[in-house]
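Some notes on the structure that comes next.
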Amino acid sequence: MAGATEGEDTKVIESKINELNIDKPKLEDNNEAKGNGNGNESGGDDDDDKEDDDDNDEITEPSTSTSSGDKKKKKNKNKKKKKKKIVSIDSSYPEGIFPEGQWMEYPLEDINSYRTTSEEKRYLDRQQNNKWQDFRKGAEIHRRVRHKAQSSIRPGMTMIEIANLIEDSVRNYSGNDHTLKAGIGFPTGLSLNHVAAHYTPNTGDKLILKKDDIMKVDIGVHVNGRICDSAFTMTFNEDGKYDTIMQAVKEATYTGIKESGIDVRLNDIGAAIQEVMESYEMEENGKTYPIKCIKNLNGHNIDDFVIHSGKSVPIIANGDMTKMEEGETFAIETFGSTGNGYVLPEGECSHYAMNKGVEHLKPPSERSKQLLETIKQNFGTLPWCRRYLERTGEEKYLFALNQLVRHGIVEEYPPIVDKRGSYTAQFEHTILLHPHKKEVVTKGDDY
């Protein structure tokens, strides 16, 4: 999830939940298009894995004759195999040990050699195993969900259909109805073309994915508040129009990952990213467009139940001498654009999150107080969107929601856009800074 200008065990996680006064949650069930924001949009629950995609084929049994001489044909009976329902990935990993991400050495050789040989550091890292397993479980869910998305999303689908496909898959793989235990880490980003981030459809949105669109797919998965944040860009144009910007952004992201590490200054990471990104140009209709870093979008560190936790990882040289530290978690993401390289808020808002440390703020009305309790019970400080509120049964909530925003209790995150007619792309991974090495926990075969 775009950012703009830990060794805890289960008891600590539960205490964080209790601090929010959380009871059992209620049943869980822009571009230019706008929705009404108050309807109920339910997603299908029959998602299946890619390997099950052929299970819908109709099987026709052959007709047989009923007597010698007469050839009476029986009506063919078409039988459909039932789709295989996605089940929690816990069934695949009964011991609770999930696949590790990609391990990488730290860039600073003197620090790296010390940490690799330090038994004490490695011992301390093992003591945080529950934390790492939460991240690895979330990452494995993320890989399976995006595999489903990449094999299923096609032009002609509505944004609602795409969002439901992804989000229902996250819910099913997580296998937990308590949204604060495991599930969606933040609203699914499906930003098109000049829209760089923070677009997800509201109920009633009729926007349809077109063949010439370039779509950023930003998916968040959390387990016990440990959030995996990873994004990729999809295109369907067959003439290779977007190949250059895709390559620029992907390479810039991998450069940021390579340069990240304990004691590395944030400015140095941004400078390395910028050098790679801005070495590319994109051609369209005989014109050449330089690929620019979107300078007011950043990567960010992640804390439990908090997607943007204070430190920002720039994608340009910005003079920030703050260092990354051992044990921190970062989302390394880069955005490239053929436009101004600067984004502004525009369009109907869908993304929201309750701010931290707002316990002393009093909701201005009884309705906003009741809505705030729904938010606490179901999301805590995790980001959410209007559709998620509606799954809890909330209706006619917009006035109360806007009250919470005006009083600083809830933060709104509207879509952010570059100039119209430009194209933007994004790639992102979550990295864990272990004492001896870094782990690109969300890395997969796809990106």
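Every residue gets a Cβ built from N, Cα and C, even glycine.
Copied over from Swiss-Prot:
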- 1-86: region 'Disordered' (REGION)
- 8-32: compositional bias 'Basic and acidic residues' (COMPBIAS)
- 43-60: compositional bias 'Acidic residues' (COMPBIAS)
- 71-86: compositional bias 'Basic residues' (COMPBIAS)
- H198, H308: substrate binding site (BINDING)
- D218, D229, E428: divalent metal cation 1 binding site (BINDING)
- D229, H300, E333, E428: divalent metal cation 2 binding site (BINDING)
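Recorded features from Swiss-Prot, shown on the structure.
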| residue | record | Cβ within 10 Å |
| --- | --- | --- |
| H198 | substrate binding site | 28 |
| D218 | divalent metal cation 1 binding site | 25 |
| D229 | divalent metal cation 1 binding site | 30 |
| H300 | divalent metal cation 2 binding site | 24 |
| H308 | substrate binding site | 23 |
| E333 | divalent metal cation 2 binding site | 30 |
| E428 | divalent metal cation 1 binding site | 26 |
Three-class DSSP secondary structure - H308 (substrate binding site): coil
Nearest-integer angstrom distance between the alpha carbons (Cα) of E428 (divalent metal cation 1 binding site) and E333 (divalent metal cation 2 binding site): 4
Cα-to-Cα gap, D218 (divalent metal cation 1 binding site) vs H198 (substrate binding site), nearest whole Å: 9
Inter-residue C-alpha distance, E333 (divalent metal cation 2 binding site) and H308 (substrate binding site) (nearest angstrom): 13
Spatial separation of H308 (substrate binding site) from D229 (divalent metal cation 1 binding site) - C-alpha basis, Å: 11
Chain-mates of D218, D229, E428 with C-beta within 8 Å of site centroid, divalent metal cation 1: M1, A2, G189, I219, G220, S230, A231, A331, E333, Q426, T430
Cα-to-Cα gap, H300 (divalent metal cation 2 binding site) vs H308 (substrate binding site), nearest whole Å: 6
Divalent metal cation 2 site, defined by D229, H300, E333, E428: further same-chain residues with Cβ within 8 Å of the Cβ centre: M1, A2, G3, S230, A231, G299, F330, A331, I332, H429, T430
